[in-house]
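Asks: Quick paste from TrEMBL:
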type    : residues                                                : note
BINDING : N60, Y63, E64, C118, T153, N201, R206, S217, I218, K219 : Mo-molybdopterin binding site
DOMAIN  : 81-235                                                  : domain 'Oxidoreductase molybdopterin-binding'
Amino acid sequence: MAYRWTNDLTAADVTPEAAFVNRRQITGGLAAAGLVGLGAGSVRAETLEPNGWEEITSYNNFYEFGTDKDDPARYADRLTISPWTVKIDGMVDKPGDYSFDQIMSAMTVEERIYRFRCVEAWSMVIPWNGFELADLLNMAGVQAGAKYVAFETLLRPEEMPGVRYPIIEWPYVEGLRLDEAMHPLTIMATGIYGKPIPKQNGAPMRLVVPWKYGYKSIKSIVRISLVDKQPPTAWNKYSDREYGFYSNVNPNVDHPRWSQATERKVGSGLFAKKVPTLMFNGYEAEVASLYAGMDLAKYH
Ligand SMILES: Nc1nc2c(c(=O)[nH]1)N[C@H]1C(S)=C(S)[C@@H](COP(=O)(O)O)O[C@H]1N2
Ligand SMILES: [Mo]
């Protein structure tokens, strides 16, 4: 990429509650002083008040542990995350089984406060800690013919009560085009609020692609493959009509069964007014060029 994305409004070394209060003050101050809207590469400050720890870690989608929003918080503690190995294979110079510790010692972790928009039309703002996926892929050495990246979640039935139900085909799989994977907004999250990422949120390492619907952000990853063909993805296999490969957040392209024009902010109350959904979830300036000339309704 020609540029590195930086979040000018991030406070370093956060601790949960103090940081939350702190950031709101900082953000408010900047807004009042007219210093927001820092141009391409920055994220609008007014929408970046993160959800609380409790909301982020108790309202989840992680179907391997059940389909109710509170199932992951209830059952994911069964997941063994140490030791953890990620297989990186396919069209790379250095294929192999990389331990989580090995990866972490080579990566630079930073905070990214991102909007997170589920296809079910709810949203949060989450202060992730993580590293750019591009750094990991470059470590493995992407070969010239690679065009896509395929991801796979752990499948361990004895620890995952949800996988006895054939809701989707297990293991959960996802994919990105290589330029999407290399985009500086695309991260591997390893923490939230400066703490290791909880199991219900995809420990020890999960993808976060903030301009796409939440289901693209695959959890608890054990395999990353560089390939030359568009890989199958879990929800697309379930219904091609409802869940496309791209899955970019788009208020103008409705899900066949509901509108995507608005969203409910988790924590804002059951009867809270819905807020408008933003094109590419508010990251249009950063990512629209990836899809120049593409029919976004067709490639949904
Ligand atoms: N392996 C796996 N990854 C997954 C899911 C899942 O069920 N299994 N759910 C997806 C969906 S639909 C969403 S909205 C997000 C939810 O992430 P969160 O629980 O951390 O908010 O994870 C995504 N990643
Ligand atoms: Mo979702």
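Glycine residues also receive a Cβ, built from the backbone N, Cα and C atoms like all the rest.
All TrEMBL annotations are machine predictions without curation.
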Asks: Kindly point out which of the binding-site residues N60, T153, R206, I218 have a C-beta less than 6 Å from some atom of ligand 1.
Replies: N60, T153, I218
Asks: Largest pairwise Cα distance, Å, within the listed Mo-molybdopterin binders N60, Y63, E64, C118, T153, N201, R206, S217, I218, K219?
Replies: 19
Asks: Any same-chain residues 6+ apart from E64 (Mo-molybdopterin binding site) with CB under 8 Å of its CB? Would you list them in sequence order, or say none?
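Replies: T153, L154, L155, M160, G162, V163, W170, Y172, S220 - these are the non-local Cβ neighbours of E64 (Mo-molybdopterin binding site), listed in sequence order.
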Asks: What same-chain residues, at least 6 away in sequence, bring their CB to under 8 Å of the CB of R206 (Mo-molybdopterin binding site)?
Replies: M188, A189, I197, S217, I218, K219, S220, I221
Asks: Within the domain 'Oxidoreductase molybdopterin-binding' (81-235), what mean pLDDT does the predicted structure show?
Replies: 98
Asks: Sequence gap of 6 or more, Cβ distance under 8 Å: name the residues on the same chain that satisfy this around N60 (Mo-molybdopterin binding site), in order along the sequence.
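Replies: When sequence neighbours closer than 6 are ignored, N60 (Mo-molybdopterin binding site) has K69, D70, D71, P72, A73, Q200, N201 within Cβ distance under 8 Å.
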